[in-house]
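S.K.: Pasting in a structure now, in structure tokens, and then I'll have a few things to ask.
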Number of protein chains: 2
Amino acid sequence: LLGNQPRKRAGSNYTGEEGGLSSSALPPSHERETEEEESIMGFTVVVKRAAKKQINACCSKENLKTKLPITKWLPKYSLQALQCDLIAGLTVGLTVIPQGLAYAKIADLPPQYGLYSAFMGCFVYCFLGTAKDITLGPTAIMSLMTATFATSPIEEDATYAIVLCLITGCVQLLLGLLNLGILVNFISYPVINAFTSAAAITIGFGQVKGILGLTHIPRDFPEMVYETCKKIPETKIWDLVMGLVCLALLYVLKKLRTINWNDDLDGPGPNRCVRFCRYLIWLIGTASNAIVVISASGVAAILISQGKNNTLSITGHLKPGLPDFKPPDFSYTKDNITITASTIFSDIGAGFGIVPLLGLVELIAIGKAFARQNHYKIYPSQELIAIGFANIISCFVGSYPVTGSFSRTAVNSQSGVKTPASGIFTGVLIVLALFTLTPLFYYIPKSALSAVIIFSVIQMVDVMVVKKLWKTNKIDLIPLFITFLSCLGVGMEYGILIGIGVSMIILLYPSARPKIKVEPGGVKVVKLDQGLLFPAVEYLQECVLEANEADGKNNSVVLDCSHVSALDYTAIQGITELIVDFKSREAKLVFAGFPKNVLKHLQVADIPELTVSSTVQEGCKLLQEELTPEFSGVQHIKVEYNSRL
Amino acid sequence: LLGNQPRKRAGSNYTGEEGGLSSSALPPSHERETEEEESIMGFTVVVKRAAKKQINACCSKENLKTKLPITKWLPKYSLQALQCDLIAGLTVGLTVIPQGLAYAKIADLPPQYGLYSAFMGCFVYCFLGTAKDITLGPTAIMSLMTATFATSPIEEDATYAIVLCLITGCVQLLLGLLNLGILVNFISYPVINAFTSAAAITIGFGQVKGILGLTHIPRDFPEMVYETCKKIPETKIWDLVMGLVCLALLYVLKKLRTINWNDDLDGPGPNRCVRFCRYLIWLIGTASNAIVVISASGVAAILISQGKNNTLSITGHLKPGLPDFKPPDFSYTKDNITITASTIFSDIGAGFGIVPLLGLVELIAIGKAFARQNHYKIYPSQELIAIGFANIISCFVGSYPVTGSFSRTAVNSQSGVKTPASGIFTGVLIVLALFTLTPLFYYIPKSALSAVIIFSVIQMVDVMVVKKLWKTNKIDLIPLFITFLSCLGVGMEYGILIGIGVSMIILLYPSARPKIKVEPGGVKVVKLDQGLLFPAVEYLQECVLEANEADGKNNSVVLDCSHVSALDYTAIQGITELIVDFKSREAKLVFAGFPKNVLKHLQVADIPELTVSSTVQEGCKLLQEELTPEFSGVQHIKVEYNSRL
């Protein structure tokens, strides 16, 4: 069940066509026969079968080919595809260079680390990726997560971030190999939405300091707001002007990309020259980040050449060229501070779990959106493997964790990309920039980079979702607001965990609080409607003990378990406790009608004095004959599970 | 549903008798009528009703009385009960003094903080607690959690621990007022079991250094084991001998407590003198910690008086008397290190969520065990309020987080306690000890305290559970081992979170992967068997798209939603995406047979081009007439939910 989809269907994304592959997920007939049994046996069987399939699937030759999707599209690669990929790759490169420099600021790292993070992922994804549109690299959320979990105590030091990148890659690779992409399904839309909005606000407000030219602002959101407001009088007016001009320019240029030319569909199409002009205007819109940053740098360079060195806060010196290709340091000494591996690991802590998962969520969300738009399929497990390898190899060139970028994937798709090969050209462009352009990066005003960030994250805030949820499903507002407020109030890292927890508890609430029905009568029969699993155990105990005490008497009780299809250990413990309770109260408890396979589990548990009957009637008879002579009539207390699950 | 149990039934624990209260949890008749609707409406209605009840319940006079359980038992208090409580309270005091000194070592605090933590909780619980047996105070697990989350960067400084105590109390109080004791139900038995065993091993092994007289051992388990083994050659032989002798003595003395006197039940009972001797022997067993510590201190004092100062590692000077009654410091400077509130809060981080929950779990587990044994009931929400207040007020006297202690609650119960008033006597004894005994505590050998800890935690390790789970429910071994290994490997704080996550995912797995049935035919009908909630959305999409692609054609599909009783926003998003998919594929998707109230949610969502029919037949007809002429026969693809939930 887990393993066969990627194996049978991968590799069809090159042409974007589908067909003839669909019946693979339908189980063969011998599986259908065992289905009824399986629904009773529950999870154990499902897992066993999945594990078996998984092992078989891993060993097939077809599977090994699927794990390297380049083998599917490379043999069919054409000159025309090369041309499309070249244009798309270079266009994405123009976008990623200013973005990378800016995102490194969010991650609290020197700007060149944004570029280090940008190129290796593109190369790796070309070999392992299944979606033609996706481009890997630094993103706003990954940068924020890097700052949250992996800020080194030493300034301008990337060791923590690089270690986080390595472990993120390993965790993602492991999840991919174990086919655990399913984990993403347990994060609901409101939680992701609230997290993204909160991240955008945190990132956006964090760059207000850049626009105002302020320094020494803390990173936690509440303090950040407080300190930024307190320091407003220290605003540097030139930085502010530059920032606002950049924002205005970005707004105008981005509008160029979405111009609707209102062509007459029935008339003759526009001629070549008009089409080229339109393409040029679209390109200017797409490369708006680059244009704004270059213009702002020009202004800064002119100011500096005229001796006005301190008017604008600029980026300053960048290390030119590629970083050394080497594994991450796990312990090192710098500025007289010695940091050991165990310090790094305990400081990053939960980041090793949260960052890989968020990277996956972001990648899958983007991949699914573009797969839908361009009619192909993505395979979560293969994507996990691709992103895992990308992170592992990227960390050798000093990268912090990367994932799929929504804005650049959109540019890639609109530029007419045909295969993941476009990543090669993006990567090469970045490497060239690192070798040749770093002296020019010196002049980039910090406020221009802040403007780029603010403009890009502002689109991530989704206010309309509140209205939609209010109209359609108000209960989903609870995880939305709790996630949003805890992300801003107590930190992004706890916010996402709290949100996932709350949405799971809402999902599981009905299973913890089944409803109770009472029919008038005398013999107490408590009826369970579905599986008895850990969240429901305590409530069942309460119900049964209430039945015991009903009418001010000490009643014996029959528990109707004919619908109990599964039983976990917590439930077995609960049953044992109930039997002890009844013994100490000198009453009797009979478990009636357990299905055979469930009863088997109960019998091997060696519960002392477990009384079982095959039907409720038999159970009642047992009680009336042997134990309690004072019964009069029959009373049913029905424990019914809410049918939401 | 949430609010009425504690309101109607609290306060009956004084006499241990029950009766005449049971019908309160059965809903009145007007609720029964709306039940069917409710099962369809799902969570929203349940929450609304619960909130309304909650507000009503909070405002009643009866409820205010319930929140102060002392008002129930104090008017009936007798001289005989006072005598029993006095004996029990003093016996517990004898146990808690050596335990407190030892547990403070686990928490990485000076020994007096164990005593500071021990007395205020006893006083508060006397007013607010509902269970006569429970005694609050420092416990091994809370001490370990304090060390994990709240170790100050300054040595011997308790500020972090005290702040953690305050926030723990506030969180617990809030959970109690919101009636959220139900949260405990979402932690399954194997997770708690594995966590407890791992904690015991961490604590126990952490004290091996005390027995061996080693210093500078790190706290993370893997490093701790490594460093301890590496430093074995540095063992101080006197400490080792003292530790082993103490362990042996503890073993022998504890045995005294459980002697079975083999009385002839039919013959005359033992006379008064024999009974008194037996009581004395039992008391020696119960006070074994105190006896061992006093004897060891005597040995140390003799050695020191003979000038052998360095043979044994001893506790050293303790601050005598009570600490100042003052609120916790949130920012302070000590040893030239300045610590601000935000540093404390970000360092403790997840501790503010995990510690209150673990405190609650420990308290409820103990409370339930003794309530069962002694025939009374505990009320989780009231217990949360009691422990919340206890922590809040304790932090004013320099306490770290406290909860119910299993060993001392057992002593309390066996000593014949009658009401929570016994806590007063325990508390007074501790205060007296702080004023008068601190000079004597100077001589306590560290290895004796380590022996006390090791002996008490060794009983917490439960190996047999593995065998039980293997026999009864193998799937529960997964959360057990994952929790255990991650607690030891990556730390207690992550271990418990990972364990809860894994057990929830196992619980929810069936809802994320419904099964598929296929019947031969032509028109594609996909059938959903239950509610459509977020974990299942992606899989449903896959199934429907597979139906679209079946037989290598581009089929239109009817989705049979007649059993969908609930729909969350993630599902509505998923449906919208499916409609977009079908539009781009130029096929048609019809949603058939939605129940009216669910359809309402869907209609207000304004999904463009949503096609709905009242029955599957109508849906098929719609497709055949208007859209696709190439149908031949009928094919059913049934999506059936696993019935485990």
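Cβ atoms are placed via backbone N, Cα and C, with glycine included.
Look at TrEMBL and you will find B:1-10 tagged as compositional bias 'Basic residues'. Sequence annotations record features per position, and here TrEMBL assigns domain 'STAS' to B:522-613. According to TrEMBL, the feature region 'Disordered' maps to B:1-38. Among the features that TrEMBL reports, transmembrane segment is placed at B:160-184, B:191-217, B:237-253, B:279-304, B:348-371, B:383-402, B:422-442, B:449-466, B:478-509.
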S.K.: Given pairs 6 or more apart, does the transmembrane segment (B:383-402) have at least three Cβ pairs under 8 Å with the transmembrane segment (B:348-371)?
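M.R.: These two stretches do touch.
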S.K.: Pairs 6 or more apart in sequence, C-beta under 8 angstroms, 3 or more of them: is that satisfied by the transmembrane segment (B:478-509) and the transmembrane segment (B:348-371)?
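M.R.: In this chain the transmembrane segment (B:478-509) contacts the transmembrane segment (B:348-371) - 3 or more Cβ pairs sit under 8 Å.
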S.K.: Going along the chain, which residues at least six beyond the ends of the transmembrane segment (B:237-253) come within the CB cut-off of under 8 Å?
M.R.: 210-213, 284-285, 288-289, 291-292, 295-296, 299, 311-313, 445-448, 450-452, 454-455
S.K.: Hey, does the transmembrane segment (B:160-184) touch the transmembrane segment (B:449-466), meaning at least 3 C-beta pairs closer than 8 angstroms, sequence gap 6 or more?
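M.R.: The transmembrane segment (B:160-184) and the transmembrane segment (B:449-466): touching, no.
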S.K.: Please report, as numbers and ranges, the same-chain residues at least 6 past the borders of the transmembrane segment (B:279-304) whose CB is under 8 Å from any CB of it.
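M.R.: Residues packing against the transmembrane segment (B:279-304) from afar: 91, 94-95, 97-99, 101, 242, 246, 249-250, 253-259, 311-312, 314, 411, 414-415, 440-441, 443-445, 447-449, 451-452, 456.
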S.K.: Short question: which residues 6 or more past the ends of the transmembrane segment (B:160-184) have a Cβ under 8 Å from it?
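M.R.: Distal contacts: 2-3, 6, 54, 107, 109, 113, 117, 146, 149-152, 327-330, 344-345, 347-348, 351-353, 355-357, 359-361, 364, 380-395, 398-402.
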S.K.: Using a Cβ-Cβ cut-off of under 8 Å, list the residues of the same chain that are 6+ residues beyond the ends of the transmembrane segment (B:348-371) and lie near it.
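M.R.: Same-chain contacts beyond the ends: 13, 131, 133-134, 139, 141-142, 145-146, 148-150, 160, 163-164, 167-168, 171-172, 175, 181, 183-184, 187, 192, 377-378, 380, 383-384, 387, 391, 401-406, 409-410, 413, 493, 496-497.
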S.K.: By DSSP, what is the split of the domain 'STAS' (B:522-613) into helix, strand and coil residues?
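M.R.: Going by DSSP assignments, the domain 'STAS' (B:522-613) contains 44 helix, 19 strand, 29 coil.
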S.K.: Given the model, what does the mean pLDDT over the domain 'STAS' (B:522-613) come out as?
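M.R.: For the domain 'STAS' (B:522-613), the model's average pLDDT rounds to 82.
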